[in-house]
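Going by TrEMBL, these are the annotated features:
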- 19-484: domain 'Aminoacyl-tRNA synthetase class Ia' (DOMAIN)
- 516-610: domain 'Aminoacyl-tRNA synthetase class Ia' (DOMAIN)
- 676-773: domain 'Methionyl/Valyl/Leucyl/Isoleucyl-tRNA synthetase anticodon-binding' (DOMAIN)
C-alpha cells in the first residue's frame, strides 16, 4: 500500500475512500472457489431500492462486516455476498413520485415504457445504495452481487413457481387478503404500519343480544353472531337463529360457538363478517358460513348497503349512526383506542376483503421447516426466536403471492387472448388440477405456465409475484440455484418441449452452469444470516421453508436477529414521526469507524435500543476520542521510534519477545521485564476473551474488552511506565500495537489499515494478517 495514504492532520475524510479503493482493487474481498481453506459464507439481506441508508442498515452491515473480517483473519475463505431487492410496492411508490414531478404517470407511459424508465431509475438509485455500503466499509465480494430481477433469480423464481404448480401447491381463487384501496393491490403484513387511533366502540342490538364493534359499516356483510363456547351467559343462544334489524331490512342470523371469541371484549358477543376480517374469515370456514362483500376494492360500500352504496367507509359510518340510533339498533357508544393497519406506501387504511388472487398452499412447506427448526439444525440468536417461529409456522395460512403492480417478477402464466382471462377480478375461479375453471362461465380455461410467450395469440397474466416470493429464494438464487442445478434439488429440473412455451433448461455442461453448481456446492448452506426481527415471518420463515422443500437443507447455520433502534419513547423511526437519525450525520461528524463502534454497543441479539441524537453524539465522540488515542499511541510507537543509530540505542540492547514471554531477567540492574511480561499476559487474555466473544457473536462485549485493554492497560499503564526504558521495550510496544490493530480491524477497518501501514515489517494489507491463537 502506498505511503501517500498516510493521513495528514485535517485531511481524515479523504482516507476511507482511498483505503477502500485499495482493498477492492487488490481483490481482498473476493471469495476463492479453488481455495483449500475452510469456507465461511455470509449473506447480506437485500435492502430495498429506496436509496436511503437508515440506522438499522448501518448497524446490520457493520455487524456483517465485523464477522466477515474476523473470519478472514482467522484464515477462512470468506464469501460476503451483496445484493439488492427490487422491493415491489416500495420501489413503485418511490418511482411514481419521481414520475409525478415530471408530470408523468403509469397511464401516460404504458407498461412497457414505464418499465424501461423504472430500470433506468433503479440504476441511479443503486449507485447511491452501493456507494453507501462502501462508505461504511462493507468488505463484500462485489463481483458476485445479485439483483432480484437479474436473469439468475428470474430462472430460480420460475422453477419455484412451476414446481409448486406441478405439485398442486399453487392455485388461484377467492381468499381474504389485506387490500390497499389506494394502491389497488393486495399487500402483506410487512407492507403495513399501525396507527393508534381514538375511535368509538358501538354497542348494537342484534335480536335478543347486544354486541360491540368499531366497524358498524361492515354490518351489511354479517352472516352470524359468535360467542365463546364456555361463556355461561350465552349457552341458551348457541345454535339458535334470530331475526335482527338492519338498515337494509330484517334478516335471520345464527349464533355459533367458537373459541376464537374473547369473552372480555365488549359484551362477549361478536358479529361475524367473514368477508372483511381475518379472524371472522376463519370462524366462517369452521362453521361453513356464507361470505358477503360489503366493501369493494375502492374502499366503497357495495349494493348490499342499500342507500349507502358507493360511499367511502368513513362517510358511510358517519351517516349511518343517526339512523342506527333512530331505529333503536345503536344502544350506546364509548371512546375506544386501538391500532389500525395502514399501507406503508400511501398511509391509507387497509381493508381486509376477499380477492381473486394467486396463492401457495404452505402447510407441507411449513411442516418441513418446523422439523429442521426443532432438530436445532439452525442456531437462533436470541434462542427464544426458535419457539416464536415454530408457533407462527404451526398457524400459517395460505400465502397470497400476487400483486397488482408492474414492478417485479411477472406471473409466468399465459392465456389465449380470446378466452375469459382468470386475472379478471370480476370472475371467481376454483383450483382444478392443472387447469383453472371459471365459475362464471362454467368452462375450463386453457392456460400455460411459461417464462416466454407460447406463441401468437397468448396473453400473460397482468399481476406480478409478491416480493417475498423471490426474496425467500435469496439463499439459493444468489448462488446460481435454478433450472440447471437439478442435482442439488429434491426435484428433477423442470423442462418442457419447445411448443409448450416453457423455456428449455440450460445445458448443465455450460461453463456458467458449472460455475453456479460449484458456488452452490461450496458456499451453501450459508454460515451466517442477519435480520431485523420485524421480518422474521415474512422472510426468515419462508427462506427456511423454501430451502428445506427444494434442497432438503437448511438455508443458514446461524440466524442473528439484531434489535431495533428506537427513539427515547420506544417508537420506531419513521418519516411520518420525523424522529429518524441519519447515520451520514454521525459519519460526517465522528467518522466511519467511530460510528461503527457506537453501533456495535447496540448489537445485542434481540434487544432493542433507545437512542437519540444526543446519545449517539456522546458515543460517537467517545469512540472518536478512542481513535485519537490509538493514533497517538501509534505516533509514539512508530513515528517517534528511537533512532537505531543514536548513542543510547547503540548502548542499550532491546529485549526480545522470547525473553519477555519467558520471564527471564537480563541486565536487571538496567531494566526489569516484569511489566513486559505483564502486558503480554494481559494481551493474551484479551485476545482469548475477544475471540470468544466474536465466536459467540457478542460484538458489544468484544468492543468493550478491546477498549479497556487499549486505554487503561496498554496506554495508561504500560506505555507510561516504559518510557524510561524506551529502547529496550520497543519490540514489545510494536508487537502489542500490531496485535491491537488486528483485534480492532473487524470493528474499525479504516483506522487500523491506515495505522498498520506505518509498520516497517508488514504484509500488503492488515486483512492478510493472522488472528492470534493465544490460549
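Placed from the backbone N, Cα and C atoms, the Cβ positions cover glycine too.
Averaged across the domain 'Aminoacyl-tRNA synthetase class Ia' (19-484), pLDDT in this predicted model comes to 90. Counting residues of the domain 'Methionyl/Valyl/Leucyl/Isoleucyl-tRNA synthetase anticodon-binding' (676-773) by DSSP class, helix then strand then coil, yields 77 helix, 0 strand, 21 coil. Sorting each residue of the domain 'Aminoacyl-tRNA synthetase class Ia' (516-610) by its DSSP state yields 44 helix, 19 strand, 32 coil.
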